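Student: Residues or ranges marked as active site in Swiss-Prot (evidence: similarity to another entry): 118. According to Swiss-Prot, the feature S-adenosyl-L-methionine binding site maps to 44, 69, 96, 118, an assignment based on sequence analysis. The annotation substrate binding site is assigned in Swiss-Prot to 122, 154, 191, 192, 193, 194.
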């Protein structure tokens, strides 16, 4: 995806620092204070233009959401949604998710969403996939005991790789769909990419995976 440069982006982000948290590492362990309540916290890694996080936060005011996106020219679009209609249970982070364990304390997050992540199809780029074992380890570090990952993609190769990676890591697959939009799954909230790809007839894959609280026998 080619990103269009937006020279105003950083100024906009700095102006609305109560929406886009500038130094998330300083908030580690204190995110409930940021939100001002004790509600569970769900994060999306690679939140893009923010439609999924925004719609989730609007539909579930009893849950706090944090969207993480490293590209400034993209996260500013998510910010614009918040400027237009503020949601008290949604914050954004404009940083690389590789630093996830610096942003959050151990057990501070209840769920991780991965939606239409870059498939990085070349073998030499395997370690960049957001379901590679080092990322799975980072998610486990910040999640509560028995925390979950919810993953969606239209890329069959990435989906198959992710199932294998999660299984090898010892995770328990609690929900699996090979064709989400033709399944009985209720309450699906689409991303921008999901709407685009499904309208072209692409099959959408979805899995929910849970970290085990006890070692595998």
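Just so you know, glycine gets a Cβ as well, placed from its N, Cα and C.
Each of the listed features needs to be described in terms of its position in the shown structure.
Tutor: Sequence-distant neighbours of residue 118 (active site) (same chain, six or more apart, CB under 8 Å from its CB) are 46, 128, 129, 130, listed in sequence order. In this structure, residue 118 (active site) belongs to neither helix nor strand by DSSP; it is coil.
Under a cutoff of 8 A between CB atoms, and with a sequence separation of 6+ in the same chain, the neighbours of residue 44 (S-adenosyl-L-methionine binding site) are 52, 53, 65, 66, 67, 68, 112, 113, 114, 115.
Other Cβ atoms within 10 Å of the Cβ of residue 154 (substrate binding site), summed over all protein chains shown, number 19.
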Student: List the Cα distance (Å, whole number) between residue 193 (substrate binding site) and residue 96 (S-adenosyl-L-methionine binding site).
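Tutor: Here the two Cα atoms lie 20 Å apart.
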Student: Counting other Cβ atoms within 10 Å of each residue's Cβ, which of the binding-site residues 192, 194 comes out lowest?
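Tutor: Looking at the binding-site residues 192, 194, the Cβ with the fewest others within 10 Å is that of 192.
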Student: Using only the Cα atoms of 122, 154, 191, 192, 193, 194, which the record gives as binding substrate, return the largest interatomic distance in Å, rounded to a whole number.
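Tutor: This binding site's residues have a maximal Cα-Cα distance of 25 Å.
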Student: Would you list the other residues of this chain near S-adenosyl-L-methionine - those whose C-beta lies within 8 angstroms of the C-beta centroid of 44, 69, 96, 118 - in sequence order?
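Tutor: Near the S-adenosyl-L-methionine site, the remaining chain residues are 45, 46, 47, 48, 68, 70, 71, 97, 117, 130.
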